[in-house]
Amino acid sequence: MEASGKLICRQRQVLFSFLLLGLSLAGAAEPRSYSVVEETEGSSFVTNLAKDLGLEQREFSRRGVRVVSRGNKLHLQLNQETGDLLLNEKLDREDLCGHTEPCVLRFQVLLESPFEFFQAELQVIDINDHSPVFLDKQMLVKVSESSPPGTAFPLKNAEDLDVGQNNIENYIISPNSYFRVLTRKRSDGRKYPELVLDKALDREEEAELRLTLTALDGGSPPRSGTAQVYIEVVDVNDNAPEFEQPFYRVQISEDSPISFLVVKVSATDVDTGVNGEISYSLFQASDEISKTFKVDFLTGEIRLKKQLDFEKFQSYEVNIEARDAGGFSGKCTVLIQVIDVNDHAPEVTMSAFTSPIPENAPETVVALFSVSDLDSGENGKISCSIQEDLPFLLKSSVGNFYTLLTETPLDRESRAEYNVTITVTDLGTPGLTTHLNMTVLVSDVNDNAPAFTQASYTLFVRENNSPALHIGSVSATDRDSGTNAQVTYSLLPPQNPHLPLASLVSINTDNGHLFALRSLDYEALQAFEFRVGASDRGSPALSSEALVRVLVLDANDNSPFVLYPLQNSSAPCTELVPRAAEPGYLVTKVVAVDGDSGQNAWLSYQLLKATEPGLFGVWAHNGEVRTARLLSERDAAKQRLVVLVKDNGEPPCSATATLHVLLVDGFSQPYLPLPEAAPAQGQADSLTVYLVVALASVSSLFLFSVLLFVAVRLCRRSRAASVGRCSVPEGPFPGHLVDVRGTGSLSQNYQYEVCLAGGSGTNEFQFLKPVLPNIQGHSFGPEMEQNSNFRNGFGFSLQLK
């Protein structure tokens, strides 16, 4: 059942409130009695249950009051608006109860929220609506003329369907000179007439008499019924038949077959001839006795004519008459007691059943039912049970009522329905069993939050994606059902307030699909993470969250950028190489970076063009330009090299670096073309600026150290020296060239030539070819050594190791 259906969870219900509408709660176990006269028209008022329960009209309607009875026979109806209990139909006491007095119809009143039930009964009061009826309208009685006064002759009784005072009260006979009638009472309470002789008969005077027998009931006014009695005066017959015993008591099982011998009665007559011949018959037998038993008129055997039913008649009182041919008769009584056998299985009557039931409500009433067995004694005793492996409890109440309720809170996610079998067994031998199967459905309560399939998700997106690209999905499931299991997704506020999540991704609230809202740039944003929430639609709603990491995959969208040598058309970089250089001499190193990552940033170098092919070579992995052979005089003094720098992307991107190499015999008087003007500082990207600043700082520190050293040496020498001015290009030189993509920093020792100009107050100098080792923390580890090799006057060189 769906949580949106607003099911009323009936928790901790009052299960055993046996109060029925009284003034106090104590001592209310006795059922409340109501009465109605039989034959009252349908829809007649019986009582007002709302007043009896002490409930206001609104409360009465809210409690959902119901009236149920055994077998769900609807003799009563309840007006929910007024609380009036009305007759559903006209009641006939004789049809409902027969001769049973009092005639009581039991019913139950059920209330909900909380659950209660009460016992009640409706007594149907008899009215005198039936007259006495003689089954035999004519009776023949033979009386011997020698019968003395006071002799009694039993007559057949009348039947009256009414009970109590409306039943037969007495019998009267029409006026005559010989007989009167006495009203006798049997052990079962029924009354029968007995004809008593008051005056001796004389057949010669009067051979027969015709009398009218009248049966009167006790109603007001009384009703009556009549029968004709023919009295035949017979000649003297000295002896009447006599039974061996006047009273017989026998027991017979209710499952005895038809024609079963119940008992054999026997009578004798001491007369001889036809006066001694005896015949047997039922005397004053009711319609039920006549249908149930038969008597062999010659042998006196009493046999069954139909099947017995203990539940309808527990005993029969049968009168047997033995009559001789002379008209004399004798009477005996046979009391037949029916023995109950276990021939009725228990019955289960369901009064209330609730399904589905909420999963989180313990002690919720599921069903109210009653059990019964038409048998008696041990055969009518009942035990009731359910399966042991179910979370339900069966409690006994009053009047063979049972309540089935939940023992513990249920979990719909573990089990959504239960098949409950109510087993009712009597204690007979063998016992009979009745099974009642019920399917109890468990309604859902929003007690499970959505659960993501993963605690965290990692999504990969290639940069330069198209906007609205589906980049992945998150998924959450909810073990509940219905609207409680409908999951909606949302983006939670990012923990990083600077992350513009709303402009980066969006999520489909229904299926959890994630979309990139704009094109991503790996160089600007390599990765970001955010949280995704999943909420159900229960009331109240439950939610959970998961972490989503988005990794931007690099695309080869950046060409290599050459850091050194600087590519400036107005001030080309010129490297000096002595002609005496050995093969493998390090000319310079091309340093380049790539804004991409991974293999897109793996750079390789190759010599694209050269003035003298085969003179120089470029190492593919580190960009070092070295001499490939010995230099000769035939080699041009000026060499132009074009180095191709290519990444490993697909497709690859590339850049070129142009190098100018000047072959010199020595470093004393190198020739370097002066630039026309110092190049303006271009707009560089941030990485280039950082590297240039770092290089400039290191170079300045080194120049200061060299100047200090030179100044000290100059002070110690007295003679002046004249040296040629060295012309070098202006501009920044990198002090610490690093391949940021894994090519490594320069690892060779660097040789610096310092040229000083004579006659200058400041004695400027420039280093021409820095070959610096790895510098950690901008400190020089090895000590400086001075080379005492002088050229053209005053000159010196420094070497850093």
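Numbers here mean position along the shown chain, with the first residue as 1.
Including glycine, each Cβ sits where the backbone N, Cα and C put it.
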N-linked glycosylation site: annotated position in Swiss-Prot, out of Asn419, Asn464: Asn419
Assigned conformation of Cys103 (disulfide bond) - DSSP reduced to three states: strand
Within the predicted model, mean pLDDT of the domain 'Cadherin 5' (457-562): 93
Helix-strand-coil residue split for the domain 'Cadherin 3' (248-348), DSSP-based: 10 helix, 48 strand, 43 coil
